[in-house]
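Peer 1: Handing you this structure, nothing more for now.
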Amino acid sequence: MPSTSKCNRISRVADEEEEEEIVAVSSDADESESESEVGSGAEEEDDDYVGESSDSAGGSGSGSGDGDGDEEGGRSDIGDGEGEGGGRRVRSACRGVRANDRERKSQNVDALVRGNLVVRRQPLIPRILSVSDAAAIARKPFKPPCQNGYSENNEQLARRLSARKRFVPWGSVQPFAVTNILPQSPAVSSDDSVENEESLPPGIEPLILWQPEGRDKENSNFSAIKVDHLLVRYLRPHQREGVQFMFDCVSGLLNDDGISGCILADDMGLGKTLQSITLLYTLLCQGFDAKPMVKRAVVVTPTSLVSNWESEIIKWLKGRVQLLALCESTRADVLSGIESFLKPLSRLQVLIVSYETFRMHSSKFERPGSCDLLICDEAHRLKNDQTLTNKALAALPCKRRILLSGTPMQNDLEEFFSMVNFTNPGVLGDATYFRRYYEAPIICGREPTASAEEKNLGSERSAELSAKVNLFILRRTNALLSNHLPPKIVEVVCCKLTALQTALYNHFIHSKNVKRLISEGTKQSKVLAYITALKKLCNHPKLIYDTIKSNNSGGSGFDDCLRFFPPELFSGRSGSWTGGGGMWVELSGKMHVLARLLGHLRLKTDDRIVLVSNYTQTLDLFAQLCRERRYPYIRLDGATSINKRQKLVNQFNDPSRDEFVFLLSSKAGGCGLNLVGGNRLILFDPDWNPANDKQAAARVWRDGQKKRVYIYRFLSTGTIEEKVYQRQMSKEGLQKVIQQEQADGKMQGSSLSTEDLRDLFTFHEQIRSEIHENLKCNRCNKDGCMVLDGSKFDSAATEHEASNSGENSYIDIGGFGAISGCVQKMNSSNQQIGSPSEEDLGSWGHHSDPSTVPDTILQCSSGDEVSFVFTNQIDGKLVPVESMARAATHRTHEVTVNAEKEVGKINSSNVPGTERQSLLGKNLKMMGFNLKNSSMKFPTKSRRMLPNCLQGMNKTSTSSDHQQTKKLHVISDASDDDFV
């Protein structure tokens, strides 16, 4: 039988265990019952227990005669009648307490299962300890062992450790979502905002998106909307303009009622992600009525960019928003994450999800309030309004839509209409009206055979369309990057086919299948298969050999072609086809030029290069070349997992690692990757869609790039590749419809008419460049030289004679001509006209002689395979280190030229051979050029860059050093500052 002393001991233990406890009751219980239950069950439980036991003890004590009510008295006289009555009261009280506990536990379990649990804080000892009002938490937050508390470095560790504690309530399979696991960032006070304003760097003004005026200014409910200074300090002028533009569109400030979304169509590298994050954070925190305009936002992006978006938001906002990124998650995790995001009381503000994941779970977002702002990255994925992804996103009940795309115009105006209609439904009418009123007249007016009336009508409709869409489409070209990034040169390199490629190409285009295709016409899939086969042949005959061996239908035009291949060339022992010392490289013109270019880069520079192709089989050839020549390389294609891709990018960008080549599939990694560790990029084969090539080419000329950038586009001369590139220029011309860049109201005609598409299966073997022939260039003759007659040449010659020198008249944009030593060799046809756009090849520099190309590496690598080169130099801003190196290089070049002249004078004189060496040394020393101890220090690798006449003059060098000097010698008049 329990005694009062035992009850007292129980009460003391309960008092010493904790100072507070959390009492949970069901929200649907009656209020009076809840208060009574909490009061009797939590606050008064131990007190009533102790009180009754004390009374019984006191009673028994008085019966013994001492009346003290102490514990000893209760023990000695507990056996009498009155003591037995007290014991019964104690047992009854204990049973009542246990019954209350069981009932309260049952109610709490039911509340947990139903999801209507209410958490309250109650004091354990109300007479001694009182609990002030505070936020209810279900457990204590994780406390890191370090004294400095949370930081960016250990926050992820805290999340991982805290995530292990999961409570699954009885009768449920879903874990109980516990809030406030991590301490939230404190709200920014007014004092902090003042400090932020003061912390803005000099010259940077606050960015105010909207401020009340007139009656709104007098209304206290309206407050100004301005961007947090945490982000303002990093925004460039064009990015501030972009944030303001997007805010005006999505906030409804435009007068047009049909506009609630926008398309940010800036070129790659202009910071579309940062601009959208800035607007996202502003709308999550502010609004016209001092309340957030957006409560939930969804960011939809390609799968490969989900983790990149998560890292960018964390980087710029530093944990100020609650976000959830669903990347490579299981189906159960995706469902759980979406449900957590869509809960009415969820603290999550941003959901980052891939296009495929959203399409599969789009039905869950149909409820009202599921999304207040939609951001679609790489929005050219929405170019077809008949896809399931487009339909799923279009059904989302969200009017505020922001589309991010560096290439809004990809193939035709119909695809452009799909993106516009998704952003602002109905703003251009339905598809039938748009096709009849806009698309047909514009396309007809762009044809070379269009009449004057058709051209005028096309110009009018184009101007009308531009006026409408420019209200909610903002596009800036990457010319703005010249103020922030190093100079860039784009080179279109035309490479001849080898004898084997020529024989295979002629056999294919004259085959029965191709003739039947041209005369009768077949399915489009058959045409694309033949085009793909020819493009693979231009890359390397090995790809055709594999096609024939595998009996693939794509090689039907290459029947009986095995006789063209050397015996057992690709069928060596153990399946090896690398015999002959790597002679397989020379079977392709483009591959041969690439192999030489990689060799010169590896030996003479510390540059890194990105090789891009549309075919994984071509990437296999690149990898084989790198293995044979022991070049370190990294490969990223469709088979690379999402988590591994960012690691490969970081590995390539790490300057401490010995990386050289990055093999990239344009389909798998052409979007969003930042490969600033490399400053050279080769597009080995063209794509029908210019957007894919532009996306891939923008991987290296981005924020963070410190070196000069070289972009190479390899094309096989006279083949289908040149025709594909001309088609790209035609599509790029269409993009000006949304930019209003037609000067003097005149439309620029298509570079390729519809009839020209039938000329795909022809081969112009004897010309230097089919593109140059079609341009009908009046700056060059058939040999690529300056036209020798005409009034234009006479006036140009007069101006040339009036100038001081040819070098002074040449505007060397970016300094590429000076560092490559080709300035004195250039004529007017080799020089570009102004700063042309990337599709205006007529104004680029035209080079039939590779020695006039402002690129030292390409000069050395061209060989006999390069037939023609187009160059476009884009100005930029060099970092101070490279600027100093460039100045030192120019000084070195000047001294070297003077030294060569002095050597020539002495060699042509009658000075005896025994005295020439000493005389030459004295003269060079007077000029400041001393081979042994010169005041002009050459770079570490400058030994190979000395002129031919000075090679080997330093007698202290060993024979091995002399051999290596001859091996690494560069045929150039000046060294490239990238060599330093």
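Note that the numbers count up from 1, one per residue, in the order the chain is shown.
Cβ atoms here come from the backbone N, Cα and C positions, even for glycine.
Since the structure is predicted, the reported quantities are computational estimates derived from the model, not experimental observations.
Not my notes, these are from Swiss-Prot:
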type	residues	note
REGION	1-106	region 'Disordered'
COMPBIAS	15-50	compositional bias 'Acidic residues'
DOMAIN	253-426	domain 'Helicase ATP-binding'
BINDING	Asp266, Asp267, Met268, Gly269, Leu270, Gly271, Lys272, Thr273	ATP binding site
MOTIF	377-380	motif 'DEAH box'
DOMAIN	593-758	domain 'Helicase C-terminal'
REGION	828-848	region 'Disordered'
REGION	950-980	region 'Disordered'
COMPBIAS	951-962	compositional bias 'Polar residues'
Peer 1: So which other residues, same chain and not among Asp266, Asp267, Met268, Gly269, Leu270, Gly271, Lys272, Thr273, have a Cβ within 8 Å of the centroid of the Cβ atoms at the ATP site?
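Peer 2: Other same-chain residues near the ATP site: Gly406, Asn478.
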Peer 1: Of Asp266, Asp267, which of the binding-site residues has the most Cβ neighbours inside 10 Å?
Peer 2: Asp266
Peer 1: Indicate whether Gly271 (ATP binding site) is helix, strand or coil by DSSP.
Peer 2: coil
Peer 1: Which numbers of helix, strand and coil residues does DSSP report for the region 'Disordered' (828-848)?
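Peer 2: So the region 'Disordered' (828-848) is made up of 6 helix, 3 strand, 12 coil.
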Peer 1: Across all the protein chains here, work out how many other Cβ atoms are within 10 Å of the Cβ of Lys272 (ATP binding site).
Peer 2: 22
Peer 1: Could you give the number of helix, strand and coil residues in the motif 'DEAH box' (377-380) as assigned by DSSP?
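Peer 2: So the counts come to 2 helix, 0 strand, 2 coil.
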Peer 1: Neighbour count, 10 Å Cβ-Cβ cut-off, for Gly269 (ATP binding site): what number do you get?
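Peer 2: For Gly269 (ATP binding site), the count of other Cβ atoms within 10 Å is 20.
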